[in-house]
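Trainee: The domain 'Amidohydrolase-related' annotation in TrEMBL covers 35-363. Residues annotated as Zn(2+) binding site in TrEMBL: 116, 184, 205. The active site, proton donor/acceptor annotation in TrEMBL covers 256.
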């Protein structure tokens with residue numbers, strides 16, 4: 001029930017302002033009993049609004065700009081554009097066009113790319129094209145560098161830990177400050193634990209494209225996180241509840257959204273594959289293989305709270321504080337603490353976004369017509 005003070009893009013401790021500067025607010029906004037929450041951070045989003053981050057196009061930059069603009073209305077203030085398994089030529093073309101940048105009126109901030117594959121299991125490839133999958137050969141880390149071309153803007157790499165030589169790759173990536181996530185995997189518990197010992201800190205979309213006995217045992221480890229697609233399709237509400245009870249502080253909500261998010265049902269792309277959208281279901285065309293989601297982050301937050309019965313604060317932290325902790329940026333983002341970035345949302349009591357702020361400036365507001 002307190003005021004939130006903002007100056008020069010940061011959340012301010014008003015004590016200094018009152019007592020040292022004898023100052024007061026230049027502008028006051030009445031939030032009318034709304035909830036103020038940290039901006040949402042989406043660490044796994046493959047595209048949206050007709051844009052596919054895994055397609056090398058001439059206007060890739062305008063595509064990423066469009067998505068970053070459109071997700072503001074869903075409360076996302078920063079994100080990791082995600083590429084699914086692709087041929088090396090796609091990584092070489094796309095990655096140089098992704099640059100880390102602050103958010104603003106132009107759109108949500110970009111925290112770096114999330115590369116999901118191609119070093120994943122054939123058995124658990126999900127929507128990833130089999131002909132593009134790769135294994136680690138003798139110079140494992142060099143293989144990875146040759147595939148991606150550059151790691152300059154890369155923040156997260158999802159790989160299958162049971163692959164030969166994956167340990168040295170995990171060590172090298174971790175050394176460079178890149179988060180290693182385990183996913184699309186048939187790893188057993190000891191393989192998963194070995195990966196954790198070498199520096200892996202996350203599980204990509206828990207309960208999707210993995211063995212039932214796979215790394216979820218490692219979820220209860222401190223400082224270990226796991227992503228969940230809380231869209232009512234990918235994860236059964238009971239599974240959400242189980243995961244949340246087992247390790248609430250590690251749960252990170254992700255959309256895993258594809259190009260079809262925000263568009264009408266029909267045929268769209270996910271990298272090299274054609275997908276069909278039917279309501280909230282997305283399948284590889286002609287199959288029943290789930291392929292990403294079309295849910296927005298605010299929808300995932302509401303569904304998560306409903307499915308688990310958790311507190312509003314817990315639901316909001318799963319989309320803000322926890323992804324910030326995963327990326328090691330919780331001192332700047334994901335909280336309303338003094339000196340952190342003033343990226344925040346105004347929400348109604350049902351957790352619908354009313355307005356989005358980045359660095360203290362309003363970047364989106366719902367108009368009176370509800371648009």
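The backbone N, Cα and C atoms fix where each Cβ goes, glycine too.
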Trainee: For residue 256 (active site, proton donor/acceptor), write down the residues of its own chain that are at least 6 apart in sequence and whose Cβ falls under 8 Å from its Cβ; none is a fine answer.
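Mentor: Listed in sequence order: 44, 45, 46, 82, 205, 227, 229, 234, 292, 293.
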Trainee: What's the number of neighbouring CB atoms sitting within 10 A of the CB on residue 184 (Zn(2+) binding site)?
Mentor: 28
Trainee: Grab the pLDDT values for the domain 'Amidohydrolase-related' (35-363) and give me their mean, rounded.
Mentor: 91
